[in-house]
Amino acid sequence: MLVYLAEYLTQFYTGFNVFSYVTFRAILGLLTAMVFSLWWGPKMIERLQLLQIGQVVRNEGPESHFAKRGTPTMGGLLILAGVFISVLLWGDLGSRYVWVMLFVLGAFGLIGFIDDYRKVVRKDTKGLIARWKYILQSLAALAIAFYLYASAGSEGETQLVLPFFKDVMPQLGAFFILLAYFTIVGSSNAVNLTDGLDGLAIMPTVMVAAAFALIAYLSGHVQFANYLHIPYLPGSGELVIVCTAIVGAGLGFLWFNTYPAQVFMGDVGSLSLGAALGTIAVLVRQEILLVIMGGVFVMETVSVILQVGSYKLRGQRIFRMAPIHHHYELKGWPEPRVIVRFWIISLFLVLLGLATLKLR
């Protein structure tokens, strides 16, 4: 929004031209989202406590989690508010990339809100029925996938980028829709599964978003894109604003979500942030890179699939409890140790993913 005001004011003072630079607006976007989260966080936590919107803890969960019962949840609203305000202020509202991301965050945030509302307000421990949650996620993801395919303006927007391969970028055609759908829905649910310990999901989300900010910037510059053999995507630089807003809002939220957490993000946060990461990966044509950089999310999801599959087929469990972070808790690891080690793994995988841009 302020881009247009700065463009108008440039005729009176050329210094306002600095707002035309994505990097400058990205920094302001990060700071805006972070300051908003830090400023509004205590007020929101107090409000959630007054409304008695507290975390529901399953009786079959680890005993150490019983103390978390009643901790304010739905803190993802704080993250979403910070991201929306930041992007609307510093993003180019004429960019389809910006509106796609706002739609995804809003749609999946609404799904998560309904789920959280049923759990904490209506005291339904199951929340939104899994079937309906999946249907709503699918409708939102398919809407985005069809739109992106129909509005693609270049071949690069529907190519598949393979890490480690320089000149292998097959054209997906209509299969783009299928890949986009599974990437968005899968990423949304993967982050949701990871969000089981204090700060466990938000920090890897911040790391992956920061990495995608760099990739989006490189993809939006023809020289960098050609040098790295990745698709040149005109206008994708505006995704940098969205990514840095997620980083800023996420770090601000982590201030209150770090162990012992004062607030949890809830499904309103985890489903929307996961979908956002998946959508960004689709937009910059780096779905496979998301699997690498978001390896912690993949690990958590695979542990659940293996656990359920093993129990149904063999009647035996592989892990003491799934997702896998609970397995390590039940092995006796203190919660902070599990969290920080998963963060370290995430940092390693993000750096590995970025390295693949050059290892071709």
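A Cβ is built for glycine as well, from the same backbone N, Cα and C atoms used for every other residue.
Copied over from Swiss-Prot, here are the features:
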TRANSMEM  21-41  transmembrane segment
TRANSMEM  74-94  transmembrane segment
TRANSMEM  97-117  transmembrane segment
TRANSMEM  134-154  transmembrane segment
TRANSMEM  168-188  transmembrane segment
TRANSMEM  199-219  transmembrane segment
TRANSMEM  236-256  transmembrane segment
TRANSMEM  263-283  transmembrane segment
TRANSMEM  288-308  transmembrane segment
TRANSMEM  338-358  transmembrane segment
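Between the transmembrane segment (263-283) and the stretches 21-41, 97-117, 199-219, 236-256, 338-358, Cβ pairs under 8 Å are most numerous for 97-117. The transmembrane segment (199-219) shares the most Cβ pairs under 8 Å with 338-358, out of the stretches 21-41, 97-117, 134-154, 168-188, 338-358.
In this chain, the transmembrane segment (236-256) touches the transmembrane segment (97-117); three or more CB pairs sit within less than 8 A of each other, excluding pairs fewer than 6 residues apart. Counting only same-chain residues 6+ beyond the ends of the transmembrane segment (288-308), those with a CB under 8 A from a CB of the stretch are 160-163, 183, 186-187, 189-191, 193-194, 204, 207-208, 211, 215, 274, 277-278, 281, 317-319, 322-325, 327, 342, 345-346, 349-350, 352-354, 356. For the transmembrane segment (236-256), the residues of the chain that approach it from at least six positions outside its boundaries are 22-23, 25-27, 29-38, 41-42, 45, 75, 78-80, 82-83, 86-87, 90-92, 95, 97-98, 101, 199, 202-203, 205-206, 209-210, 212-213, 216-217, 219-221, 262-263, 265, 269, 273, 276, 280, 283-284, judged by C-beta separation under 8 angstroms.
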